[in-house]
Amino acid sequence: MWNRTRITNCLPIVCLLLTLWTKVSQSTGYFELQLISVENVNGELADGECCDGPRSPQDRRCTRDECDTYLKVCLKEYQMVVTTTGACTFGAGSTQVLGGNRFSLTTKNNPNKIDDAGKIVIPFQFAWLREFSLIVEAWDWDNDTRNNDEELLIERGVHTGTINPGDSWQTLDYDGPVARLVYRIRVRCDENYYGNKCNKLCVPRDDYFGHYRCDPSGTQVCLDGWMGPDCRTAICRRGCNLLHANCSVPGECECKYGWKGQFCDECLLHPGCMHGTCNQPWQCNCKTNWGGLWCDK
């Protein structure tokens, strides 16, 4: 179940497209597991053998050398009875060798800080289902070839549950027949994805197509000076007569044809009008004691 997916047996052009898709595709979120500590007091494997060498004839303890412990993780859909074989439908990961029989990855000066060497990140590209099955395995690294990989297994823990995306960790403690594993897990949405399923997309922008940021729930919030759908409508200067003006940039007041003034509330007289007024553009209403077509008599 730990084999990585390979692109094989396809036409050259199909292989190329699949490879390019793999490189540019973006996850909607990721599952994180961080190992905290391992306790394998006797340095044994799951089958009862020692990780390295035979047992001591005196006390039957494994004394030759310690295990070279590393972690494997398999994440799959929720199952009432978890099968430890088969595909890891949500993804899988592993660490390097982290320590021997007993070790802790917490920092001495700060117990809340844990070494990232024991962190496994599994990205996903689907709406997070909240329910999941998790298989966590401790293994012994050995360069020698063995007929059965299971001979190197130290401990296998299974956990099923529900988890919502967020920054907080959930600590789990598995105390198995051979070893005790303490680790923590969480699910986080990728950048620009929101919601309890990490499937709500909101990409902040400040260009022709919109002027907004995204709040913690993924809702668009207009930047100062913008309003409307996708925040594409500029808010004109305060006091601007919107019947006679418009604006393409916040704070402006661009007069329509036939109007003038700071707030575009002054009409333009008819060309040639001398002593007249207007209520609408191009009028020439003569003032008292003036007459004529252009109010010039």
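Each residue, glycine too, has its Cβ placed from N, Cα and C.
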Looking at TrEMBL, which of C198, C214 bridges to C202 via a disulfide?
C214
State the disulphide partner of C231 as given in TrEMBL, choosing from C222, C240.
C222
For C222 (disulfide bond), identify the closest of the disulfide-bonded residues C189, C198, C202, C214, judging by Cα separation.
C214
Within-chain partners of the domain 'DSL' (187-231) [C-beta distance under 8 Å, separation at least 6 from its ends]:
26-32, 123-124, 126-130, 163-167, 249-251
Give me the mean pLDDT over the domain 'DSL' (187-231), rounded to a whole number.
94
